[in-house]
Amino acid sequence: MALDYLLLLLLASAVAAMEETLMDTRTATAELGWTANPASGWEEVSGYDENLNTIRTYQVCNVFEPNQNNWLLTTFINRRGAHRIYTEMRFTVRDCSSLPNVPGSCKETFNLYYYETDSVIATKKSAFWSEAPYLKVDTIAADESFSQVDFGGRLMKVNTEVRSFGPLTRNGFYLAFQDYGACMSLLSVRVFFKKCPSIVQNFAVFPETMTGAESTSLVIARGTCIPNAEEVDVPIKLYCNGDGEWMVPIGRCTCKPGYEPENSVACKACPAGTFKASQEAEGCSHCPSNSRSPAEASPICTCRTGYYRADFDPPEVACTSVPSGPRNVISIVNETSIILEWHPPRETGGRDDVTYNIICKKCRADRRSCSRCDDNVEFVPRQLGLTECRVSISSLWAHTPYTFDIQAINGVSSKSPFPPQHVSVNITTNQAAPSTVPIMHQVSATMRSITLSWPQPEQPNGIILDYEIRYYEKEHNEFNSSMARSQTNTARIDGLRPGMVYVVQVRARTVAGYGKFSGKMCFQTLTDDDYKSELREQLPLIAGSAAAGVVFVVSLVAISIVCSRKRAYSKEAVYSDKLQHYSTGRGSPGMKIYIDPFTYEDPNEAVREFAKEIDVSFVKIEEVIGAGEFGEVYKGRLKLPGKREIYVAIKTLKAGYSEKQRRDFLSEASIMGQFDHPNIIRLEGVVTKSRPVMIITEFMENGALDSFLRQNDGQFTVIQLVGMLRGIAAGMKYLAEMNYVHRDLAARNILVNSNLVCKVSDFGLSRYLQDDTSDPTYTSSLGGKIPVRWTAPEAIAYRKFTSASDVWSYGIVMWEVMSFGERPYWDMSNQDVINAIEQDYRLPPPMDCPAALHQLMLDCWQKDRNSRPRFAEIVNTLDKMIRNPASLKTVATITAVPSQPLLDRSIPDFTAFTTVDDWLSAIKMVQYRDSFLTAGFTSLQLVTQMTSEDLLRIGITLAGHQKKILNSIHSMRVQISQSPTAMA
């Protein structure tokens, strides 16, 4: 292999076309043995060329006889795999005008022919002149002719002509020369073909490659990277043209990491002490500081002991070390607050990304044991990742020893097996007043007194001596307040006026003094009427007991009535469902009306009427793209006669089906075949006369709408989403006008093509869903399966499916689209969904959903089905929004719909998360995990400090994802501020 490669290097500069000779008469040492017809025509003789070399030639000179037709046939020539053949002919021709008394039939040209065959079929005895279908190559004319024969004077003029022919497909061929009245000598014939030579180019080896069948043909030659080189981008290839010359290469190889180019044709190993990290690098580089490469061909230099390289450091950067500890710590104690200041470390490890962590430890009086501080301790600006040499610490306990470790860390501290270098400072806090009392409760009230209680301050900072209560009438101000004291955390305030509202505050006292007053809270004394009613409180108790008994009896009666009505509704629902199948409806003039295929006595007749039968030979199945209820779904191609080939989706009926399953399967085609609308999936036809039975529809490249939106979360504008909704509404308007009720309208049943056009699909299958109890989407109801989250309440309760119930489902689809495929009602159970809807709760607006769109959703979710908009009205409303984008700028909020109770999805308890990974998983943004960790946001404490600029800096550019993450960070901050046990 190495020897072959060296040979290629020697040939690399010789890139001219190669010619491989198949026959050359100049090298013949004996008779050529060609066949002449007639025998008096061509004659083989020995002669001399212009250099007086002996050669075998053929000559003919019957110019004085008319009607000459002299043929000369070569022996069989093997083509050796060549597709195009070149013939070089050297000949002399006598000038007809130099011949005395020559008739007018004298010629100065001859014809060249060839005949392609797989074997030797012509001999001197059988030349098949009359049978052979010779193919003419060209008429050969002399550029120069001679008039005298004088070899001594060198007056003979030799012509050289080259002709090519092809394509050739047989094993070989014959050449034939036809003379029809010339005086000429055929001095030599060379037959050859061309090929592009082996070459090394762009660090790739290309083999010898034969030219194509035509002079304009380009033959692709695949290249192989030379040793220690690898392809870049597209596979490397060269084109060999018809002249045996290489064209401009496509793709390239480059030396792989650890190897550098040598004279553009070889890759040599980087010597020890050098490296090359990537293919793109030009050559080897010396190892950066504090690193080495003891062996050849190193793609990276390893760091010396005690030095490291951060994950985000490129190989070209010097290895660095961890910093030394901070210096010269100064502490300032103010009661239960501390300010720490320090100088940067003497040694930064060669890096400029030094930050500081503060480790707080609360100790016993003798400092023999310490424990981590609780989460109530506050650090400003933060505890971890400090960039400045100063921190303010508050909310400490009074009279308490603390130890603070100030760690210096940099980008490689996590690589070191040793803990970060730090400096410790021991501090004891001073005495301090107690913290604020968090809240007060009213225990009881009379006309002239109020009894209150409250919890102890979270930080008493010593023994509580007593409490001071300040109170005043709300109509006055605190300058007219009165004071009371209590030795315990309860107090009764007397001497108040009846029916008045009082503002009350409380504070605790220790030996260090009073703490701050609590927040203002209002309490009211009883009025005279309130007091009298309390005296009569026994009477309501008796009345309440009696009322409870009455309610119990009424409840029993009501349950009996409801059960009777449900049975009645059940019967009505069954009959109304059947009646709908036979309803003709009243459509617009000239509008087709949907015909239920199950009204046919023979359902196969409906298939024949509404679906076109396709010959299975026109269908080509390529790959599985899903599985349906009845069998697998494939992507394939359909080529009908006289039409272009198109991609299609192919639903198949699985083997072993019953006749009922076949009928149910084909009913969808009978339904779909009646529709013709740009927002309804188009039926191409069915295959019923072979197995498997197929339904063939147009192919939608982006698949189901719900999964498509989840894959592209936040990547579409509001106008684009409204455009999708408008298309779905237009398709449903068409179905409603045909009196067709879909029953299973959901984003999963909307398909999206490559132009983002949405089309309604999945017709008729909702009636025949299998009893798969593992699928929570569909729930049993009155003997059938219903997609509860998408279904109108009257359809759930009474199976009353109408276009109005489809409008309800369309409202849910709107919510799915605006939330980018979120599951309606989240993780609520189906029964909880039914209960919430019965109590008039509705879904809240998705994040950043325009108020106008959410209002349209609420209109679709009207309990009274007659109050819901029709699909024609929905289309008009969406058209107005598209024409007036400003109407979509107002974002909906839950508080903006006071008349309509909305469900509120609970925010996750972020304080329960311990890692950034857990948090990202909870908000479904786990794809950014590496971005957070690489940028140094390794704890939730650091994450809570992030801004929109930080998100951009770590590579989160999608506006929707930024908003989702920032909203979560905001919620996390709120929870941390409200939780006494939030993360540090």
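Quick reminder: no glycine exception, Cβ is built from N, Cα and C everywhere.
As annotated by Swiss-Prot, ATP binding site applies to ILE625, GLY626, ALA627, GLY628, GLU629, PHE630, GLY631, GLU632, VAL633, LYS651. According to its DSSP assignment, ALA627 (ATP binding site) is in a strand.
Under the heading domain 'Eph LBD', Swiss-Prot lists 19-201.
Counted with DSSP, the domain 'Fibronectin type-III 1' (322-432) comes out as 3 helix, 52 strand, 56 coil. Here Swiss-Prot flags 322-432 as domain 'Fibronectin type-III 1', drawing on sequence analysis.
Per Swiss-Prot, the feature domain 'Fibronectin type-III 2' maps to 433-528.
The domain 'Protein kinase' annotation in Swiss-Prot covers 619-882.
Per Swiss-Prot, the feature domain 'SAM' maps to 911-975.
Following the DSSP three-state reduction, the secondary structure of TYR600 (phosphotyrosine) is coil. Non-local contacts of TYR600 (phosphotyrosine) by the CB criterion (under 8 A, 6+ apart in sequence, same chain) comprise ALA606. According to Swiss-Prot, the feature phosphotyrosine maps to TYR600 (among others).
Summarising the annotation, Swiss-Prot assigns phosphotyrosine to TYR928 (among others) and lists similarity to another entry as the type of evidence. Other Cβ atoms within 10 Å of the Cβ of TYR928 (phosphotyrosine) number 17 in total over all chains. In the three-state DSSP scheme, TYR928 (phosphotyrosine) falls into the helix class.
Summarising the annotation, Swiss-Prot assigns signal peptide to 1-17.
Under the heading topological domain 'Extracellular', Swiss-Prot lists 18-540.
Confidence across the topological domain 'Cytoplasmic' (564-984), taken as the mean pLDDT and rounded to a whole number, stands at 82. What Swiss-Prot lists as topological domain 'Cytoplasmic' is 564-984.
Sequence annotations record features per position, and here Swiss-Prot assigns transmembrane segment to 541-563.
If you measure from the Cα atom of GLY631 (ATP binding site) to that of TYR928 (phosphotyrosine), you get 38 Å. Taking the Cα atom of each, ALA627 (ATP binding site) and TYR928 (phosphotyrosine) are about 32 angstrom apart. Summarising the ATP site geometry, the residues cited as binding it (ILE625, GLY626, ALA627, GLY628, GLU629, PHE630, GLY631, GLU632, VAL633, LYS651) extend over a maximum Cα to Cα distance of 14 Å. Within 8 A of the CB centroid of the ATP site residues ILE625, GLY626, ALA627, GLY628, GLU629, PHE630, GLY631, GLU632, VAL633, LYS651, the other residues of that chain are THR652. Each residue contributes its Cα atom, and for TYR928 (phosphotyrosine) and ILE625 (ATP binding site) these two points are 29 Å apart. Counting residues per DSSP class in helix, strand and coil order gives 45 helix, 0 strand, 20 coil for the domain 'SAM' (911-975). For the domain 'Fibronectin type-III 2' (433-528), the DSSP-based tally of helix, strand and coil residues reads 4 helix, 42 strand, 50 coil.
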